[in-house]
Structures are given as C-alpha cells and as structure tokens.
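A.B. asks: Copied straight from TrEMBL:
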- 104: active site (ACT_SITE)
- 169: active site, proton acceptor (ACT_SITE)
- 102, 135, 198: Mn(2+) 2 binding site (BINDING)
- 135, 170, 448: Mn(2+) 1 binding site (BINDING)
- 198, 231, 333, 346, 420, 448: substrate binding site (BINDING)
- 211-370: domain 'Peptidase M20 dimerisation' (DOMAIN)
- 231: site 'Important for catalytic activity' (SITE)
Ligand SMILES: NCC(=O)N[C@@H](Cc1c[nH]cn1)C(=O)O
Ligand SMILES: [Zn+2]
Ligand SMILES: [Zn+2]
C-alpha cells in the first residue's frame, strides 16, 4: 500500500472512532491528578495506574520507576509518583523514538471561575473543557490512540517507541533528572529521536514546531514577624509586620515595563543578533488575538517581534501568590504572623540557575537591610529547570514538517515557547539526540487557566500528524 493510502486508511479509522477518543480523555480528566496538592497524591497514583493499564492493553511493556520522596515545606516526606517507562517494539531495523509526556495537572476548582466542573470533561462548540485536556493528558492519550489505530488495522508500526511519562511536571519534575541519568546506558540507549507534545500553537489555526523553551526558577520568600497572628487594633503601628515586609520586597522585583529590577540579572542573557532578529519576521502572530486570548486590553510591547522576544528570548518575573495571607471574603483585621510569597523567573540562554539564585538572595538581603526590619526573612529556590534550545534543521524536524503539511496542508512556523518543560534539556543530554516539540493544542487552550480546553479538531488532526510523523521518521 502506498504511504498516501495508508495515511488515508488511518485517518478514516481515527475519524470513525472520535467518540471513543473523547470518552477516553473524559476518563483521564476525571482523575484529579494535581501534583501540587500533597493530599491529592493518591489521585496522581491512580492516574499512573490508569495509564499503565491502557498501555498494557496495547501490548506496551510497562515498568514503573520509583523516584524517591518529595520533601514538603513542613519537613514531612511524601512518596513521589512512579515514572512510567514504556517499550513498544524492539526491531533493530527500525528507528526508535522516545515520547515524553506528563499525567499530572495544575490545580483547579469550580470556584476559581470555571464555567463547568474542571474534572468533568464537558463538550461545548467542538471544544472539550477540563483540567489537563490540553496539558498534557490529551496529547499523551493521542500518542497511545495512534498505536491502537495501527493495531486495529493490522498495520505494522513504522518505528519502535519508548515512553517516559512522569507525574510531577507541574511541580518541577522532582526525581526525573536523576532517573534519566541512571538510565543513560540502558533504557535510553538506542533512542534515535525524542519528541514532546506538551505545548501549544502560536495561534488558533496555524500549526508550529518549536525548538526552544525558557527555563524556570521558582522562589518561596518567607517572612515571619511573631509567634502568633495578631489583632491589628492592638499591635498595628507598633510592630514590623510580615506582610508589609513581604509586599515591599515583592514590589521591588519587577517594574511596570516587565523589566526585572534584580541587579545584574540580565548579565548572562545572550545579546540579540541581526540574524536572530530575522527569524521573527516570517512568523504569523496576531497581537489582537493574543490580547483577546489573555483577556487583556493591551500588551507592554506593541510590536509583534518585541512581544515574541519577550515571551521567548528574554527573562520575565511573575508574582504568583502569598501563602498565609488573609484571602477570604469579608474583612478580617488580622496581622498574619507568617507569610510566604511565591514568584518565579523564566530564564533564557545563557542564564544559570545558580547565578539567578545568588542574585535573588542578594537582592532580598539588600532590601531587608534598607528596611531595617527585625523580621526573619529567607528566600529559597523551590525548584529550577533549565532553558533548552535545539537545531530545527535536524531531519526529525523535517519529518514533522512533512507530517504537518500532509495533514494541515500548510508549512508550520518554526517557533520557540515561553513556558518550561524542565526535563527537555536532560533528554537531549542523556540521549545525545535531537528533541522535537510537536504541539497539537491551540494558543487559546488556556493551559493552567480557568476553562482549559482541547479542540476536538486539534485532537483529531494532532493524531493524524503523529501518525504521519512516525512514517516519515521511518523513512529517514
Ligand atoms: N506544559 C508545560 C508546562 O506547563 N510547564 C510548566 C512547568 C513548571 C515548572 N514549574 C512549575 N511548572 C510551566 O509553568 O511552564
Ligand atoms: Zn504540560
Ligand atoms: Zn502545565
């Protein structure tokens, strides 16, 4: 059978089973595998078991790798979820592709402002709403659905596949780096290509392939002022309040232009070259749609190229929250005794995590000295992940471009991603092979946000691209 005919046959099978795929995603989304909530760890474990069972029905050999314990901020320890190592096929005449994905999700509650229950997959206007639908349960299940389709059609699978599926990605991929290092000469040997579907297109209609990610340094800023919470009428105006110090420090980190105010933070950022500037020009990007997806009136930068550069090639600092602060409705006149500010810095080539950590520490100490406060203050790097950059001219990218053209009828843009997948660089280093980011979700999917969704069309076309990509890899 010609490869065109095979593609058509598989595409038809996939289209005919759309309902089953939606049900499968619904089953996965119904497991609230939130890695950031320690009390939800059994749900994360349930998600690992669910995926393992599904993989085994497909004849994938599954091994569960123990990656040790997580140390929680109160000093207690919690077992980390096992990492799934899957092997499908070991034909030495075939290429071997390693697929990475994650089964954990960001926290979500209806009260955050969702229009439907986050852990009940809900279809509206061709979109599947639910936490993890696009990040990253939909893409992970898509890979597995494609394997199933070849089996049901009795078609030989074009490549060998290895899977690494973790369940702590949204919390910094605890334990995974050490595991991969330990597998360098065993499970990881023989891998020819690594592919990750855990990111999004730059727009709603045009596909892209990505060759860069920012890294992340996530900080906890801890301020303690007293042994207990206090009445602001009795103590306000007489003591150094923890929240006041915390807000003051957090207010010195970044200005209203998005410029980070930490001394020397930009020293290691690679200078922009004329050659790099040219790369932004052909990329399709709609700034108005970007604003509307974010639900904002305007962006800090007005030009397309500048917006993209500040997403991809410059660092950014975001404030995320304050643990211990009063956040209920109504009024409470308390002075919290202990608060923890959460912020992160997205890092870019050639910033080093260790340098960022030191600069942040110096900054906090300097501000505290200026404030002359007796409060106990510490800042801790909760987790860090490196930036990553790959060669988009590698044959694997050519295979993915061909697959995209075959399904979408259009050349994908070559882009970078502002988010982080902390383990990507480790895959590149430990296998010594090219890594491809193959996003299948759309820019408005709202990963990490309320009403996260995955379009049915992206789900279906994503599987078709994956299927052709496997065939194109086999031809390399
Ligand atoms: N889809 C990738 C993603 O969402 N990655 C997270 C990773 C992360 C790191 N620390 C907390 N989360 C991201 O925020 O970019
Ligand atoms: Zn993800
Ligand atoms: Zn995520």
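Backbone N, Cα and C define each Cβ position, glycine as well.
Automated prediction, rather than curation, is the source of TrEMBL annotations.
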A.B. asks: For the recorded Mn(2+) 2 site formed by 102, 135, 198, which further same-chain residues have Cβ atoms within 8 Å of the site's Cβ center?
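C.D. replies: Once 102, 135, 198 are set aside, the remaining close residues are 101, 136, 139, 140, 169, 170, 421, 447.
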A.B. asks: Looking at the binding-site residues 135, 170, 448, whose Cα is closest in space to that of residue 420 (substrate binding site)?
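C.D. replies: Result for residue 420 (substrate binding site): the nearest of the binding-site residues is 170.
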A.B. asks: Binding-site residues 170, 231, 346: which have a Cα within 10 Å of residue 104 (active site)?
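C.D. replies: Within 10 Å of residue 104 (active site): 170.
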A.B. asks: Minimum Cβ neighbour count within 10 Å among the binding-site residues 102, 231, 346, 448: which residue?
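C.D. replies: Selected from the binding-site residues 102, 231, 346, 448 on minimum Cβ neighbours within 10 Å: 231.
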A.B. asks: For ligand 3, pick out the recorded positions 102, 104, 135, 170, 198, 420 that have a CB under 6 angstroms away from one of its atoms.
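C.D. replies: Only 135, 170 meet the Cβ criterion.
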A.B. asks: Between residue 102 (Mn(2+) 2 binding site) and residue 170 (Mn(2+) 1 binding site), how far is it from one CA atom to the other, in Å?
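C.D. replies: A Cα-Cα distance of 8 Å.
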A.B. asks: Need one number: mean pLDDT over the domain 'Peptidase M20 dimerisation' (211-370).
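C.D. replies: Average per-residue pLDDT within the domain 'Peptidase M20 dimerisation' (211-370): 97.
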A.B. asks: By CA distance, which of the recorded positions (169, 231, 333) lies nearest to residue 135 (Mn(2+) 2 binding site)?
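C.D. replies: So, spelling it out, the nearest of the recorded positions is 169.
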A.B. asks: Do you know which of the recorded positions 104, 170, 198 end up with C-beta under 6 Å from ligand 1?
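C.D. replies: Cβ under 6 Å from ligand 1: 170, 198.
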A.B. asks: Among 169, 170, 198, 448, these being the recorded positions, pick the one whose CA is nearest to that of residue 333 (substrate binding site).
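C.D. replies: The answer is 448.
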A.B. asks: At 10 angstroms around each C-beta, which of the recorded positions 104, 169, 170 has the fewest other C-beta atoms nearby?
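C.D. replies: Comparing Cβ neighbour counts within 10 Å for the recorded positions 104, 169, 170 gives 170.
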A.B. asks: In Å, rounded, how far does the Cα of the residue listed as 'active site, proton acceptor' sit from the Cα of residue 448 (Mn(2+) 1 binding site)?
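C.D. replies: Spelling it out, the Cα of the residue listed as 'active site, proton acceptor' and the Cα of residue 448 (Mn(2+) 1 binding site) are 13 Å apart.
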A.B. asks: Inside 8 A of the center formed by the CB atoms of 135, 170, 448, which other residues of the chain have their CB, for the recorded Mn(2+) 1 site?
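C.D. replies: Result: 105, 106, 132, 136, 169, 447, 452.
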A.B. asks: Filter the candidate list 135, 198, 333, 346, 420, 448 of binding-site residues, keeping only entries whose CB is under 6 Å from an atom of ligand 2.
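C.D. replies: Only 135, 198 qualify.
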